[in-house]
Amino acid sequence: MTTRRVAGVVLAGGRSQRFGRDKAEEVYDGRKLIDWSIAALEPFVDTILIAGRNYPPYRWAPDRPDTGMGPLGGIAGAMLAAKTAGCTHLLSLPCDTPHVPADQLARLCKAGDGAYLTACPVIGLWPVEQAEPLARHLAAGGRRSVRTWADAQGATAIDGEEIANINSVEDFERLTRR
């Protein structure tokens, strides 16, 4: 039996069109949003990757099969980087969800080979062996919906509490007023 090694990836390659500026670099409660995501992943993973940008000291995972493929492109690239690093699984988290409950990440890690949170499907645990099939799916013009792809792979959908996701300046302002 193979020992499970998990890489965490912060998906930080979006264009932030609705936000109007780089969300990952936005400071909330004293630290960048990207750093909130890194801190949330750290207790659950063996290594951290950043998809969509260079953010030292973390390893950059380029999107696959090309840029502009959305979160699935970041996940596909990070799966390959995780596999290359000797990991068996990838735990994905977007850069714009600063308050992901640790118990929900723990549930994902215990769920088996593939699982995602129904409240935010880009938060998921994925077997890295799916790196090439996912890249082929995207290269062939397949749907870019994380939920649709995950369901087609037989991933477990895990229900949980709603997770605040920052898509607009208004979302960010609501968060800062909490």
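Residue 1 is the first one shown; counting continues down the chain.
For all residues, glycine too, the Cβ spot is worked out from N, Cα and C.
Summarising the annotation, TrEMBL assigns domain 'MobA-like NTP transferase' to 8-157. In the predicted model, the domain 'MobA-like NTP transferase' (8-157) shows an average pLDDT of 93.
The GTP binding site annotation in TrEMBL covers L11, A12, G13, K23, D66, D96. The number of other CB atoms found within 10 A of the CB of L11 (GTP binding site), across every protein chain shown, is 31.
For D96, the entry in TrEMBL reads Mg(2+) binding site. Secondary structure at D96 (GTP binding site), as computed by DSSP, is coil. Annotation for D96 (GTP binding site): spatial neighbours K23, A24, L33, N165, I166, N167, criterion Cβ-Cβ under 8 Å with sequence separation of six or more.
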According to DSSP, L11 (GTP binding site) sits in strand
